[in-house]
Amino acid sequence: MSFLSFLPLQTADLAIDLGTANTVVYVKGHGIALAEPSVVTLENIDGIKRVRAVGDDAKLMMGKTPDKVETIRPLRHGVIADLEIAEEMLKHFIAKARTNVGLRMRGSPEIVICVPAGSTSVERRAIRDAASNAGARKVFLIDEAMAAAIGADLPVIEPVGSMVVDIGGGSTEVGVLSVGGMAVTLSARTGGDQMDDAIAAFVRRNHNLVIGEATAERVKKEIGAATIMPDAPQMDARIRGRDVVRGVPTEKIITQGEVVEALSESVGQIVETVRRALEITAPEIAADIIERGIVLTGGGSLLQGLELVLADETGLPVFRADDPLNCVARGAGQTLEDTAYRGVLHTA
Ligand SMILES: Nc1ncnc2c1ncn2[C@@H]1O[C@H](COP(=O)(O)OP(=O)(O)OP(=O)(O)O)[C@@H](O)[C@H]1O
Ligand SMILES: [Mg+2]
């Protein structure tokens, strides 16, 4: 008898933010039950591929795997790039989330799963199918920006306009919401991944050093900023990689000013997307946004100083939501807890 047999038997509906960088699972009645990187490690044994690790364990192996082992991120820009592996990953996370909250499954759950606004019908279908094949009885879709806004406690059902900007690993979603619907949605394929790539490219160009994705991300989180922060001490970070010229492992120092420069294009694209959304927002809703400001969610919103740059460029108040990495899953989860939100869900 497995230890799972001792867990209580229940059907628990789930809300899932299947993100490019992280998957977050919300279990109805329990809250956030799991948040792990959307990464899978595959092992090739005699031509047959087998999942070796998923999530946190798989991310630790990124960039360090031998020949017959590969780490895969099955999502790109918020949409599924590798369906089979995305399904495997989802099944693993659903089972783990249940174990984390001490539930054993009876029947199959309803699953609310988030989709980016810019996704095509084929891409949405792939996300639906992944959830169905992972065991859902019924699948509902929710726009990521809508979920983010609910998770950030914005009054999305009321006749009050709000703007949310969700900056993820693979995409930036801008949503203007009012009366339970999306008045404006814009999605740009820019986010944390692009920032990491920009840092790696900068380091290669200016320091003749090749660094991996994980190192670039660490530098971004440690000293990354959207602008030079006034009155804050300038920081720098040690980076290790391979010297382009000599081909040997080398350590160098990168300054915060350099990282700001490397990130300027990504930051500019986020600003531009927000500006375009404001331009096409109806005047009455715009009036509400002037009063209530713009709310930032998603891991990318943790970039230091991003709210200052956006406030400066738009002339509007800008706030970062609490716990921005879990906002989308928390908001999607609210639609399971509170029937008032049922109207924001769709089935295709
Ligand atoms: N302190 C930080 N500073 C800057 N970026 C950060 C910080 N913490 C996390 N991030 C970045 O946030 C991104 C992940 O955010 P999030 O989990 O919201 O994305 P996602 O939902 O998986 O992606 P998407 O919504 O595009 O599918 C990563 O690129 C990560 O490097
Ligand atoms: Mg996201």
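Yeah, the Cβs are placed from backbone N, Cα and C, and that goes for glycine too.
Taken from TrEMBL, the feature ATP binding site covers T20, A21, N22, G169, G170, S171, E217, R218, V219, K220, G299, G300, S301, L302.
Considering only the binding-site residues V219, G299, the Cβ with the fewest other Cβ atoms within 10 Å is that of G299. In this entry, T20, A21, N22, G169, G170, S171, E217, R218, V219, K220, G299, G300, S301, L302 make up the residues listed for ATP, with the farthest two CA atoms of the set 20 Å from each other. Sequence-distant contacts of T20 (ATP binding site), defined as residues of its own chain at least six apart whose C-beta falls under 8 angstroms from its C-beta, comprise S38, R73, L75, R76, H77, G78, G168, G169, G170, S171, G191, D193. Ranked by Cβ neighbours within 10 A across all protein chains shown, the binding-site residues E217, S301 are led by S301. Proximity of N22 (ATP binding site) to non-local residues of its own chain (separation of 6 or more, Cβ distance below 8 Å) is seen for A35, E36, P37, S38, G169, G299, L325, given in sequence order. G170 (ATP binding site) has a Cβ environment of 23 other Cβ atoms inside 10 Å. In the three-state DSSP classification, N22 (ATP binding site) falls within a strand.
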